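Listed in TrEMBL for this protein:
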- 19-37: transmembrane segment (TRANSMEM)
- 21-152: domain 'EamA' (DOMAIN)
- 49-68: transmembrane segment (TRANSMEM)
- 80-104: transmembrane segment (TRANSMEM)
- 110-129: transmembrane segment (TRANSMEM)
- 136-157: transmembrane segment (TRANSMEM)
- 166-303: domain 'EamA' (DOMAIN)
- 169-189: transmembrane segment (TRANSMEM)
- 201-220: transmembrane segment (TRANSMEM)
- 232-252: transmembrane segment (TRANSMEM)
- 264-282: transmembrane segment (TRANSMEM)
- 288-304: transmembrane segment (TRANSMEM)
Amino acid sequence: MTDNPSSVANANVVSGRGVLAIVAMVGSAACWGFSTVMSRDLLNTVPPLQLLVIQLVASVVALAGLALPHSPRHFRSPRLWRASTIGILEPGLTYSIGLVGLSLTTAGSASVIGATEPIMIVVIAWLFLRQQPSLRLGICIVIAVVGLLLVSGETLLGAGQGSAAGDGLIVLATFSAATYVVLSARVAGHFPAATLALAQQLAGLVFVLAVAGAVLAAEIEPLVLGDLSLSTLAYAAASGVVQYAIAFWLYLIGLRYLTPGAAGLWLTLVPVFGIFGAFVWLNEIPTAVMITGAVLIIGAVLVGRDEN
């Protein structure tokens, strides 16, 4: 007895979408991991919020180019406008408030709080979308979070020294990022990924410009944009294209086929790529504990990769 041709075709389509989702998620994690290393390097010369503005402007320009083949003007509607406001959460609130929080607390505190994002995603999706994770996905996420804490390495030693204000801002930023994933999963299938990312990041850029303006007016950050060399500006712009344009574009492609909880599991790969990037570009040697954490993360993702 031969297989029904339509059943075989449908199975191939489902399989193809699964592969696309995996490639997109791994690609986005790699972009975020590597660009984190680039941003760390740039923060030695560019204040955080001004770096974020440069990166987002470059990202918006790149996304406009990616969205052009899909004729973004054809998708202009109240629905896209509502979807674009999700960008106020991320990159807007997540990165601007997160950077301020990081300046007030320790890297250890920020690492511990940030490691809870996959759990926050699952809880928010469960409460508001009634998407209960499978037992296997739940176990994989817990293992991956343990791996994230280990990857944080020696920064955890300073976890108890953070300020309440700084820690509170990091919690808000992490909650904002988790909420972004859940809300974007609901609309990712309605628009081309580049069009949606462009709309969201335009909204995020407006928010970041407002925050940066307030910070500069309060003289919390010195204005240095006019003093930066062309090579530094180009480097910052390139990091923005990687961290925001390509990463969010790929992530929104993956969200078309995955639940928020499953997408959160793939996010745990970001620091694994960050370790590799730091080793290659900054000559930072990972500790045995960090390598153990990376192995746990990779193992959890491999076991849970079929969850969607």
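In case you wondered, yes, glycine gets a Cβ from its N, Cα and C as well.
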Give me the mean pLDDT over the domain 'EamA' (21-152), rounded to a whole number. 89
At a threshold of under 8 Å on Cβ distances, which of 110-129, 201-220, 288-304 pairs most often with the transmembrane segment (80-104)? 201-220
Feature contact check the transmembrane segment (201-220) with the transmembrane segment (49-68), CB under 8 Å, 3 or more pairs: yes
Can you find at least 3 Cβ pairs under 8 Å between the transmembrane segment (232-252) and the transmembrane segment (110-129), where each pair is 6 or more residues apart in sequence? no
What is the number of residues in the domain 'EamA' (21-152) that are helix, strand and coil, as DSSP sees it? 114 helix, 0 strand, 18 coil
